[in-house]
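Here is the structure we will look at, set down as structure tokens.
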Protein chains: 2
Amino acid sequence: MRKRIEAQFLQYVKKMMGYHEAISLMYWDLRTGAPRKGVEQRAEVIGLLSEEVFQMSTSEEMAAFIAKLSAKEVYEQLGEVTQHTLNECQKEYERNKKIPADEYKAYVMLCSKAESVWEEAKAAADFARFRPYLEQIIDFQRRFIGYWGHEGHPYNTLLDQYEPGMTVELLDALFNQLRERIVPLVQAISAAKGRPDTSFLFAPFPKEKQRAFLLELLPELGYDFGKGRLDETVHPFAIGLNPNDVRITTRYDERDFRTAIFGTIHECGHALYEQHISETLVGTPLCGGASMGIHESQSLFFENMIGRHKSFWKRHYPRLAQYAPTQFAGVSLDAFYRAINEAKPSLIRIEADELTYPLHIIIRYEIEKQLFAGEIEAADLPDVWNEKYEQYLGIRPHNDAVGVLQDVHWSGGSFGYFPSYALGYMYAAQFKQALEKELDMARLLEEGNIAPIREWLTEHIHRFGKTKKPLDLVRDATGEPLNAEHLIRYLEEKYQAIYRL
Amino acid sequence: MRKRIEAQFLQYVKKMMGYHEAISLMYWDLRTGAPRKGVEQRAEVIGLLSEEVFQMSTSEEMAAFIAKLSAKEVYEQLGEVTQHTLNECQKEYERNKKIPADEYKAYVMLCSKAESVWEEAKAAADFARFRPYLEQIIDFQRRFIGYWGHEGHPYNTLLDQYEPGMTVELLDALFNQLRERIVPLVQAISAAKGRPDTSFLFAPFPKEKQRAFLLELLPELGYDFGKGRLDETVHPFAIGLNPNDVRITTRYDERDFRTAIFGTIHECGHALYEQHISETLVGTPLCGGASMGIHESQSLFFENMIGRHKSFWKRHYPRLAQYAPTQFAGVSLDAFYRAINEAKPSLIRIEADELTYPLHIIIRYEIEKQLFAGEIEAADLPDVWNEKYEQYLGIRPHNDAVGVLQDVHWSGGSFGYFPSYALGYMYAAQFKQALEKELDMARLLEEGNIAPIREWLTEHIHRFGKTKKPLDLVRDATGEPLNAEHLIRYLEEKYQAIYRL
């Protein structure tokens, strides 16, 4: 009886995940080359399947599975994968059921309208146009927190959506520490005399040559083309359809090879995660990253800790130079290394370097936290935003397009999402520190022997999928709780050397 | 009340069709570039969605829709699209429900095994190995005919699956007429002295050049790249995901440019059909070709009546020659035209030319008909096959690999399918004859003005999708019943000229 229901439940979930895989493929296809005129009908089909998955996640059948399987004496006898799957389904069920259906529908409609208004407002650098929508979205989110409940700070409930277990109490300590040490470092660098020469970065580098370099590089990083492919899109991404089909995309800029090279190494980091999730989790909601931040830790680890490491380029720079010989003529490895690690305060988050990036996130975190504590309102945002940029980064946006309107997230109601980006940096640095106790990263990178590094990540992170919460994963992998000190030390050492402070 | 049920029914069907679109995209993806190692899991997802569609087509909900909507006084008030949709669903429901579920399952398992046995048997040219499977498949099909019932010849029931309304009585008359006139023509050609010189066809023609030629040609044929794309596969195909997303694939042979050029024009004919089905039929089972034979008529019309027309090459030959100048140096338009229209008896159906192709089909038709009349058994097939090839084409297979084992169809139980190929030729020739009463095809082809031809086909064929039965479509489009004489005259005139008989 218990076994039969367990099997039925797993079959039911497998179907949901199958639909999800079909949706993901349609999403990938739309972005990589679906015929333009077919998009509208395809969007309908995606909507139809998404609605089916949503209905299955909140159906009476799902409610019955949860009721029957979560009874203590039954739950204890379930397989471990079933237990985790049930927990995920229950969490999802409760999240979705607690909001009145009419209210949720109104909210979805508001967001879909808000995104296009945000686009217009950003184009016109006119916050006032977006403000009424943002106010309503914040109101909805505040009510949702009421429905969902919260422990401690109301914002905790939003954080938990993207980073299970994360709280304001934890983040305040981590981010304050980070801010206090990075702000002076950024100031020192801004005043430094020994700035890298970056002029050679912008010489023309033909797209086909960039692609050829990447097709050689990716397998060496451990990306298995038998389980993936590389395509071209406006906005690069990685997408895991299943662990044996994880695709990446990139964008080529012929006047700045860094876009494709570092962008692809970044997506490769995401993809390696998905390619190495245990196959026992296929067909369950556990077959994905532990959290948005842990996922980002893997892409950042590859992009920065590997892809911007001097030893990595000791091996690859001569080969890169073969693809664009005139561009790099007379540029030493050291000059190259310093140029690709240039750091400077800037206004736009997505263009920021690894040193200043966390400050962009901390600003957003502090603002969101105040919003959901009721300390500020939408109308206050431009001023609060500009003040913080001036204070932390030493530059002030000259309009809202390059200020408070720059990111799409809030127009879609994604509050609580931003902190994951900075957590990704902290996780990555802490993983690096633990990994280096066992492995000589510099030597391995010089040898082009990435396998032991990738295997360490798989052993401690990838294979678990969503079966471990992010903070447990970090503690188990590194032997200590999440600690901002690792990122701080990594940044200090690296940038003091590069800027000869 | 009627309106509400009608709307619910259409919504239900739309969902099935949405799943179908998702399945089609996954199918396309598997063939064009899905990572090799992800295939197994993707096949599972396809199976899962296919099963869902099958269950929806035979569910109690579907039975209730059929019962409520097919009552005479309700049916008469339904919209025309709903009426046709209901008819299709009812036909499908009855087909699927009449076979006991266990028996159908055993049959599906048999076929899936049979296909791999067939592959081995073909590789070893060993019919005996495949025979026991073929016997069982024939037994199943004979029993299915019993469940489904039949009017006239038992084989009619199988024909109707692919070509609604087609019967042995009609086909006997059409195919006998065709055979009696084509066999002597093939004999005359085999004996003819003035054979075309084809040696220049096999010079190397780089793939990129072939592709470049096709990318210019396809839009001129009316193929809209805003609604499609061209990819490369081992076995070329066209697939309509919806009328605004109809993709084609091709295969390049650098030692025989005909493979890609004529193959692509063929698939383009299929695609133009799907791109021009009325959008009012999207989301219903009517949004597809009227039958397999009508679909083939469109691909053959483009491949042969347009793509192998002298006037077409009068325009395009100079351009083709620019892509491979040495290959065509000294080859006149007339010599080129004769070479690409070479006809000669051969053993393999899929390599046959337009003149001998119908004979390959007639042989298979006669054999299938005898099988389901109980006049012959599986064991008799190799002898019967070889006899007929000798009699109609004047050549005898030296083993079963190039004889009775050459086609995959029977291993999948697709009896009744072959006649559609020859019907496609007959339909195409009859459409051509009707179209030429209104349009000067030769002149339009010389001018590269295909639009009026494509519009004629859309007006009389494409737009109706599956709302008309094939024989009605032919009669309405051409003003007379299906008539083999049009194909015969087309072939006689063309090949007497080419072979200077």
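Residue 1 is the first one shown; counting continues down the chain.
Each residue, glycine too, has its Cβ placed from N, Cα and C.
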Residue from A:Glu232, A:Glu254, A:Glu296 that TrEMBL also lists as binding Zn(2+) with A:His266, A:His270: A:Glu296
For A:Glu296 (Zn(2+) binding site): intrachain residues, at least 6 apart, with Cβ closer than 8 Å: A:Ser420, A:Tyr421, A:Leu423, A:Gly424, A:Tyr425, A:Tyr427, A:Ala428
A:His266, A:His270, A:Glu296 excluded, remaining Cβ within 8 Å of their centroid (Zn(2+)): A:Ala238, A:Glu267, A:Gly269, A:His295, A:Gln298, A:Ser299, A:Leu300, A:Phe302, A:Glu303, A:Gly424
Cβ neighbour count (within 10 Å, all chains shown) around A:His266 (Zn(2+) binding site): 23
Same-chain residues at least 6 apart in sequence whose Cβ lies under 8 Å from A:His270 (Zn(2+) binding site): A:Ala238, A:Ile248, A:His295, A:Gln298, A:Ser299
